[in-house]
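Taking it in order: structure first as structure tokens, then the write-up.
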Amino acid sequence: MKIDSKPTEKSSLVVKREGNSPENSSNSLTKKNEGVSQQKSTSSKSDEKIDPNQHIYEAVWRITFLIMLFIGLVLVEKVYRFHNDPATIHIPKGSIYDFYISVLTACAIAIIRFFIKKVFQKKIYDLLGERRKKTYEEGMKRADQLCKWSFDIIYYTLSTVIGYLIVKNQAFLPPTMLGHGQCSNLFMKYPEVPQIPYLRLFYLIQAGTHLYTLVFQLIAKRKDPKFYEYSLHHLLAMFLIWFSYMMNFLIVGTIVLILHDPCDVFLVAARAYNDLKCRVMAFNAVLVCISYPLWLYTRNFIFPQCVIKSCYDFFINFDFENLPRDIFFLPCLYMLVMLGVLAVMHIYWAYFYSKAVLTFVQGKEKNGYD
């Protein structure tokens with residue numbers, strides 16, 4: 001029995017006439033694939049586009065960085081003269097080689113944080129609330145942040161206690177900081193520094209933590225939208241610590257560090273505890289009720305009332321006649337200005353901290369601390 005081939009030919013003709021031949025099908029698929037690839041490339045290019053305002057934002061911080069770099073170079077020259085001028089060479093002062101302690105501290109912190117992440121990151125992931133691990137990657141990233149915060153809580157607690165024990169009996173620690181002295185003694189006998197046991201070691205270790213933060217920012221945070229802002233912040237903090245150490249502003253620098261650490265203990269604890277799935281809101285409220293007033297008290301009351309006022313009085317009454325004015329005037333003015341800038345930043349941060357507390361009081365799910 002023969003099979004008629006005509007229907008097959010007819011069907012093939014119909015297929016060709018309708019434009020669905022194998023050749024046309026392959027061509028259409030190729031065109032579609034090309035269209036999809038073009039759309040993907042177009043979308044990827046559009047994703048790579050950066051908001052023009054971002055370029056302006058980064059440019060402002062770059063210009064600010066260059067300005068601060070120029071000022072820093074001028075101040076480095078003053079530091080050099082302070083250490084080598086015949087009129088001041090006899091004054092006891094710190095050496096740049098002392099900062100090997102800071103480098104060792106930064107390396108130790110990097111190692112400790114690495115091991116904390118390796119040992120505890122997965123365990124902390126299991127403790128997170130569901131809203132903090134919508135995806136595995138998001139949860140692990142948040143767990144890494146909590147590993148960092150866990151270290152910060154321990155470090156800030158130790159630095160607060162040890163720093164206070166070092167200076168608790170000194171004449172410059174005021175009653176508002178649980179001392180028996182006066183803020184006016186912060187610059188007593190300057191440019192000399194009172195010989196206080198372990199004070200320089202404490203200061204250099206604190207410098208090590210800021211050095212680690214700066215290096216970590218420059219290496220691991222390059223893709224952050226506010227990379228230049230935070231880099232400048234950490235760079236200025238590190239420079240101020242180095243500058244104050246080399247210019248014998250050690251006492252006022254220590255008080256500034258001690259003022260900042262206590263509230264960070266409770267602030268970081270509140271941020272971390274807020275992410276846990278088994279959190280008790282009453283305990284979180286206790287942390288907020290401690291950290292928020294402590295922040296306002298230390299940074300927005302004691303800091304301007306004690307540190308800035310003492311620095312201003314010191315600058316106005318400084319004996320430039322018996323000490324080289326060209327060496328001390330600019331460093332003293334710079335210290336006063338930077339403390340004033342820090343006070344303004346405290347007000348700025350207090351505003352956002354107040355908004356975070358308001359978010360918490362209203363019971364919103366959003367983490368107001370972030």
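Cβ atoms are placed via backbone N, Cα and C, with glycine included.
Predicted automatically and left uncurated, TrEMBL annotations should be read as such.
As annotated by TrEMBL, compositional bias 'Basic and acidic residues' applies to 1-20.
Summarising the annotation, TrEMBL assigns compositional bias 'Polar residues' to 21-44.
Under the heading domain 'TLC', TrEMBL lists 144-362. Confidence across the domain 'TLC' (144-362), taken as the mean pLDDT and rounded to a whole number, stands at 91.
Taken from TrEMBL, the feature region 'Disordered' covers 1-49.
Sequence-distant contacts of the transmembrane segment (59-76) (same chain, at least 6 residues past either end, Cβ-Cβ under 8 Å): 228-229, 231-232, 235-236, 239, 243, 330-331, 334. Positions annotated as transmembrane segment by TrEMBL: 59-76 (among others).
Note on the transmembrane segment (96-116): residues 147-148, 150-151, 200-201, 204-205, 207-209, 211-212, 215-216, 242, 245-246 of its chain, located 6 or more positions outside it, place their CB under 8 angstroms from a CB of the stretch. Per TrEMBL, transmembrane segment is recorded for 96-116 (among others).
Summarising the annotation, TrEMBL assigns transmembrane segment to 201-220 (among others).
Here TrEMBL flags 232-260 (among others) as transmembrane segment. Here the transmembrane segment (232-260) has long-range neighbours at 61, 64-65, 68, 72, 75, 78-79, 82-83, 91, 93-94, 96, 98-99, 159-160, 163-164, 166-167, 172-173, 177, 186-188, 190-194, 199-200, 202-204, 206-207, 210-211, 213-214, 217, 298-299, 302-303, 306-307, 310-311, 331, 334-335, 338-339, 342, meaning same-chain residues at least 6 beyond its ends whose C-beta is under 8 angstroms from one of its own.
Taken from TrEMBL, the feature transmembrane segment covers 280-297 (among others).
According to TrEMBL, the transmembrane segment annotation covers 327-351 (among others).
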Query raised in the report: Other than its close neighbours in sequence, what residues sit by the transmembrane segment (201-220), given a CB gap under 8 Å and a spacing of at least six beyond its ends?
Result: 98-99, 101-106, 108-110, 155, 159, 162-163, 166, 227, 230-231, 234-235, 237-238, 241-242, 245, 250, 253-254, 257
